[in-house]
Amino acid sequence: MNWQKLLRNILISGIFVVPFIPLIVSNSMFFPFITGKNFFFRILVELLLGGWLVLALADSQYRPRFSWLLIAFALFVSVIGVADALGENPFKSFWSNFERMEGFVTLIHLFAYFLIVTAVLNTRKLWERFAATSIGVSVIIGIYGLFQVLGFITINQGGVRLDGTFGNASYLGGYMLVHLLITLVFILQARATLWRFVFGAAFLLQAITLYHTATRGAILGFIGALLLTTLLFALFGRGFPKVRKMSIGTLLAVLLLIGGFLAIKDSSLVKSSPVLSRFSNISLNSADARFYVWEMGIEGFKERPVLGWGQENFNYVFNAYYDPVLYDQEQWFDRVHNIVLDWLVAGGILGLLGYLSLYGLTLYYLWRRKESFSFIERCVLTGLVAGYFFHNLFVFDNIGSYLFFVSFLGFIHVRQNENGQDSENRFFEIDSGLVLKAIAPIVVVLIAGGIYFINVKGILSSRALLHALTPQGSLETNVDFFERALSYNSFGKQEIREQLAQGASTFAGNNSVGQATKERLFALTKAEMEKMIEESPNDARVHLFFASVLRSFGQNKAAFDELEKARALSPRKQHILFEIGITQLNAGNTAEALQTMKEAFELEPRFTQARIFYALAAVYDGNSALADELLTDEYKTAAYVQNDYLLQAYASKQQFNKVKEVWETRISAQPENPRAYLGLAGAELALGNREAAIAAIEKAMELDPSLKEQGEAAIDDIKAGRSVQ
């Protein structure tokens, strides 16, 4: 075996590792379900790229072959590259972050993967084995999901929706959607009964897993894909009478199931099912939040229609066009949750057209190159394209879906070329010995350097960050790990700094932490946040995080300046106004705080927290009548029980009747809470009601005997007329 054949076999083996990437969960890194998969994919592609470059230079049959799909993919990547370079935050557009790990660096890796896989997997048999391997992995993930259903393995995102090794039910749902349809092709084309049984069992397991993800977009996408597939069979399957009859029966069965579900959707059977109830509640109102976010995406597109904002920059659009009705939703959306609008925002109209062209050309080749695809493949894969696209109208891509999509594009590219004329790229020939001796060493050095700078620094900083967030015995050690994570200067530095800022805000008021440690923590955080603001001056989130740190360490003036910058960048976000109002209260500017909290409240009066903060400011400003007007019975439980803001405000203003009312409300909500009775005792004592105070203390001791010594001492003090300690 010569070295080219050996290298080809190594490349094939490496490509066959790709379907196993969804199994990777790296608990030693930040965002374990995301980072491990992506770092592994990038390193694998870089290694494969080095091998493929050497092979393609030595042997022209492994060079790219022409197809309009290849051209469209290359143009799409180029357009997005320009959009990223000219976007709001080019660094983030290129590198992304730990949470998403997308950006241009992932896109260029996906394109490189496309070039490699189309050059090396150049036979029908290899693609069939590759797809069968992926089906096998989906079975492993399905079994993992069954263990989650049975309670043997934890569902990582909580609740009852399976998330498998993806850590996200929607990601798992999309993964099973595409594998169900790939498996269907194998079932319909299998010649042996045994293989139909094997793939049928895999199909059943995939369907069960998809159902238990309760991912509406994926399940509806699968149903729609089945309907479209059976419709295509029925319309164009005259030459396949058995398949046509089966498809008509399947079509009728699916329609009957849908009709039956609609007939019983309000029944107790459906309402009691955590999965079915999600479908019975589907309406325009149930998608309100998404529609509002989509509207923001459209506004962002209008502002930059040609090339958009660049990847990873929707947060700027979300902040600028934030709608206050989203008060009870995630406050820092970084995706539109609609693949069309996501690419429209990221790459403008040119980027979106480039993306959609990949779908259009896929369908073109499926139906125009009939000699390259069987009738079954054309029908089922058309359904797959439609179902996958529908699913992505409600979510966004991730490494699992990207791997499928690019592999699928590669499959289409190879298959449409297999019956065409030889189109090898023979523009130049290089002696294979020269390639091996002179070019291969250079490629090895370049790939090794790329692996380090693209991946290793990120891996090390991610691991150090996880150590920084884990209790280490002393806060000094945690700070050491933060410094280590930052020292790598990786693309995850914004997340490292944000975690550092949150930690600093938390420990600022912790009396168990030494002053020297606090000063070190503050100095490090301040320096890093200033760097982040210099790098991302138009990100409201950054200014808000920095302001929180400054306020926690008593620097109210500097905090207020940062908050004003945040407000300018996101003028209608209530949480920014809350921070401004609290900072004003800390500075004693109660009148200004009242106006700020009023502004936040009037943006969306249904927001209970905004009402509470408005009432809080009214109390501090001496306007008790306004506070009473705001805190009707409907809101008292939320205002009095769920936080201590108003309790502290009433106490500071010596409104002990109100303090008493707060504790009585808490006791009504939590009658077995002894601490609530102790609080009530304090209020009664402040009002001069000594007997009532004693009765409350006795009730607390009854509920918690461990309070007996403390309670009896307090009662003795009350009876003796002494102040209670």
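Glycine residues also receive a Cβ, built from the backbone N, Cα and C atoms like all the rest.
Per TrEMBL, the feature domain 'O-antigen ligase-related' maps to 201-356. For 574-607, 674-707, the entry in TrEMBL reads repeat 'TPR'. Marked as transmembrane segment by TrEMBL: 12-33, 39-58, 65-83, 103-123, 135-157, 169-187, 194-212, 218-236, 248-264, 343-367, 388-414, 434-454.
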For the transmembrane segment (39-58): best-contacting stretch of 135-157, 388-414, 434-454, by Cβ pairs under 8 Å: 434-454
Predicted model, mean pLDDT over the repeat 'TPR' (674-707): 88
Positions on the same chain near the transmembrane segment (169-187), where near means CB under 8 A and six or more residues out: 22, 131-132, 134-135, 138, 141-142, 145, 157, 161-163, 195-196, 199-200, 202-203, 206-207, 209-210, 213-215, 217-219, 221-222, 225, 229, 376-377, 380-381, 383-384, 387-388, 391-392, 395, 398, 400-401, 404, 408
Other parts of the chain folded back onto the transmembrane segment (103-123), taken as Cβ under 8 Å at six or more residues beyond its ends: 8, 11-12, 15, 18, 38, 41-42, 45-46, 48-49, 52, 56, 61-65, 70, 73-74, 77, 80-81, 84, 92-96, 130, 311-312, 399, 402, 406-407, 409-410, 413-414, 418, 454, 491
Counts by DSSP class (helix H/G/I, strand E/B, coil) across the repeat 'TPR' (574-607): 27 helix, 0 strand, 7 coil
Secondary structure composition of the repeat 'TPR' (674-707) [DSSP: H/G/I, E/B, coil]: 30 helix, 0 strand, 4 coil
